[in-house]
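Heads up: the structure comes next, in structure tokens.
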Amino acid sequence: MTAQDKLIKASHLINMDDIIREGHPTLREKAAEVALPLSDEDIILGEKMMQFLKNSQDPVTAEKMGLRGGVGLAAPQLDVSKRIIACLVPNPEDEEGNPPTEAYSLQAIMYNPKIVAHSVQQAALADGEGCLSVDRVVEGYVPRHARITVEYLDKNGEKHKVKFKGYNAIVVQHEIDHLNGVMFYDRINIAEPFKIEDGVIILD
Ligand SMILES: [Zn+2]
């Protein structure tokens, strides 16, 4: 049985044991394009990945299942070397603690995502980045494109062309990096991890 066969079983919920960690060779491979039309197996895998993110962000479920919270997941992190990513970025509560009008600023399962345009300007998260495949803190700015345009297919095989900026642009680039065998810390300046190059936006 392949890793994917196990993950897509109706009774299975993706959990931390399914996620491979740094050092595993699959994380360094260039993942294959998903075959079209999309197979049921690939559609179900995408949905399972999104369900994992939802579970990981639900305090009760995350505690019960022992999940680290995540806003993105790429199929190679599940030892499935295919170009599939899921992103789920929640909007914050307002100052009084009321839930946001729109629950998510980004919720998408993307097949064969591709950055087709990007800003010259770069951006990095003030607190650096983390990864479900990295069980340690790696400090430092991770410079990325501040704005990107991404083309991808949804589960129905329909093509989308979407612009991202701010935190969402960072998340999407982190996940697409996984499809190319790139880890976030590859992009940190080892000698000076918190050096800010001219013109780089630091996102709080
Ligand atoms: Zn990651």
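The backbone N, Cα and C atoms fix where each Cβ goes, glycine too.
Residues annotated as Fe cation binding site in TrEMBL: CYS131, HIS174, HIS178. Around HIS174 (Fe cation binding site), the same-chain residues at least 6 positions away in sequence with a Cβ under 8 Å from its Cβ are GLY72, GLU129, CYS131, VAL142, ARG144, PHE184.
In sequence order, GLY72, LEU73, ALA74, ILE85, ALA86, CYS87, PRO113 are the residues near GLU175 (active site), counting only same-chain partners six or more apart with C-beta under 8 A. Sequence annotations record features per position, and here TrEMBL assigns active site to GLU175.
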*Which of the three DSSP-derived classes (helix, strand, coil) applies to CYS131 (Fe cation binding site)?*
strand
*Across all the protein chains here, work out how many other Cβ atoms are within 10 Å of the Cβ of HIS178 (Fe cation binding site).*
24
*Starting from the Cβ centroid of CYS131, HIS174, HIS178, which together make up the recorded Fe cation site, report each further residue of the same chain whose Cβ lies within 8 Å of that point, ordered by sequence.*
GLY72, ALA74, GLN77, GLU129, LEU132, SER133, GLU175, ASP177, MET183, PHE184
*Among all the protein chains here, how many other CB atoms are within 10 A of the CB of CYS131 (Fe cation binding site)?*
25
